[in-house]
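Below: the structure, in structure tokens.
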């Protein structure tokens, strides 16, 4: 539960409560005393509270930073009884006894627009998720959608004049889903795109329903209360009633706490009940709040990103997260598009191609953010399960001994992982989904590789194969011997390349002044020794993208011919020159280019082999995953337990019917 979170309740006055302890923080009444306060709503930064009374005397904006102080009065004498703020708290919509819906500009303190489409008293108003539409309900049973951008109103829809609309709420996840409750106890979910019922829950309440509220963290859950003392929880997906509770008094108001686990419910006797959804048998706290009926309950908005906000995108408010707009993407806006109600909530997935980073990426990592703070991609698997466990993972501490995990070794989204000599680890995150279509972009061919003295972070497939239970022991012994040879060759190659670098630099400055005989005898040694050392170095060096290293057996066979031909070319070049002359800059450049081209060709060959290996591994992993799923589905169902569960269900039904 968020620290210092508060909620407001209205009845004969307005009271502000601490949500955790349910203790009174403050109370005030900015309206005419005899009349109840029918509607309250918080600003997005939780500093201001807007109230309206059942008499419609005026709309009052009060500051609640310290003590509640009325700051602004609007619509005096205009009979406005219900209010709602947009996500920026710059515009206020109100409706009331004069059948009019007014949109107020709080900056200029004037009516921005008046909508006179209703034929009877307006009972409730609310903004949609992106503040482009206003939904309003009336005593005549009409629901009208008003477009803020086009200044047009929809054709009235509803169930008829005998079903007065008492409360309207938009779903926080399914953007085109609007819930309504009416006097005859019917609860309806509307598809606002087609303005037709998505589902009717008939006869759920035996008396007028008074309030509806959608869960801020669970896209399937919503709750209604009514004067029949019932609290009913619903599942929007299966369109069924999940649970029904009966209180000890008629219920008049309901709201979810931003954590999604707690309900605050007001009654006609002035009491407020706090329910925990994890143990719904009885309220965990009950307080006597008002002398008259509780008209409205409104929680402050969460000042930290709620799970629903993370699941559905990022909010555009830097200071507070509105429960209504926590799931609006940063580029959100625009009118609603026609179509059916979306069963799955939309996710804010940008189409930015992955950029190469010096990092290793593991499956399930959340996408990194660019400089503007917008996520490049969102792992939908992570998002759908985030309510159960966090999925942000840091993959770090990859050393050059090849101690990486199986997923990192063969992950097709792994990018270049190169560190300098002084670096000990490589840390990063990247996209963890939709990897198969991006193989070409993730593994680009290296056109201009650069040979330097920096040490290269590499992961040997040896560690993966040695840990694999399906391999035979003789293969493990062969690979172990190969790895030892590779390691020794790597150590020798460092010394030989240092000598080779000194030789070239000395020739370039004119310091190679050896005798003819010594030069003739030493030159072949100097350039024949690197033949073996180049071979060892190339075996140990990873491909250009640093994603993996080739099999030592394959690499040794390929390298033998390449290194042999390269050494012969170098020796021939040195032998054709004059024995007592130092190497010219042209010869040195020619040798460097030969080495560079050979290494480049070898890298590309290794790169192709590794890509093919990884694709094959992905296929094998996918086949294994499908096989595991089929086995789990086959053996996870226990017939005895299923029969026992059915028996217990029948017994519960009988007990409920009798008791």
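Positions of Cβ are set from backbone N, Cα and C atoms, glycine also.
The annotation repeat 'WD 1' is assigned in Swiss-Prot to 1-31. Tertiary neighbourhood of the repeat 'WD 1' (1-31): same-chain residues 37-40, 42, 46, 49, 51, 53, 55, 57-58, 60, 62, 64, 67-68, 70, 253, 255, 257-259, 262, 264, 266, 270, 272, 274, 285, 287, 289-300, 302-304, selected by CB-CB distance under 8 Å and a gap of 6+ residues from either end.
Distant neighbours of the repeat 'WD 2' (32-71): 6, 8-14, 16, 26, 77-85, 87-89, 92, 94, 96-98, 104, 106, 292-293, 295-296, 298-301, 303, 317, 319-320, 322; these residues of the same chain sit at least 6 beyond its ends, with a Cβ under 8 Å from one of its Cβ atoms. Residues or ranges marked as repeat 'WD 2' by Swiss-Prot: 32-71.
Residues or ranges marked as repeat 'WD 3' in Swiss-Prot: 75-114. Residue counts for the repeat 'WD 3' (75-114) under DSSP, split into helix (H, G, I), strand (E, B) and coil, are 0 helix, 22 strand, 18 coil.
According to Swiss-Prot, the repeat 'WD 5' annotation covers 160-200.
For the repeat 'WD 6' (204-244), same-chain residues at least 6 beyond its ends with a Cβ under 8 Å from one of its own Cβ atoms are 166-174, 177, 179-187, 189, 250-256, 258-261, 263, 265, 268, 275, 277, 280, 306-308, 323, 326, 343, 345, 387. The repeat 'WD 6' annotation in Swiss-Prot covers 204-244.
Annotation source Swiss-Prot lists region 'Disordered' at 383-433 (among others).
Per Swiss-Prot, compositional bias 'Basic and acidic residues' is recorded for 413-432.
What Swiss-Prot lists as region 'Disordered' is 508-531 (among others).
The compositional bias 'Polar residues' annotation in Swiss-Prot covers 508-522.
For the repeat 'WD 6' (204-244), residue counts in helix, strand and coil come to 0 helix, 23 strand, 18 coil, using DSSP. Over the repeat 'WD 2' (32-71) the predicted model carries a mean pLDDT of 92.
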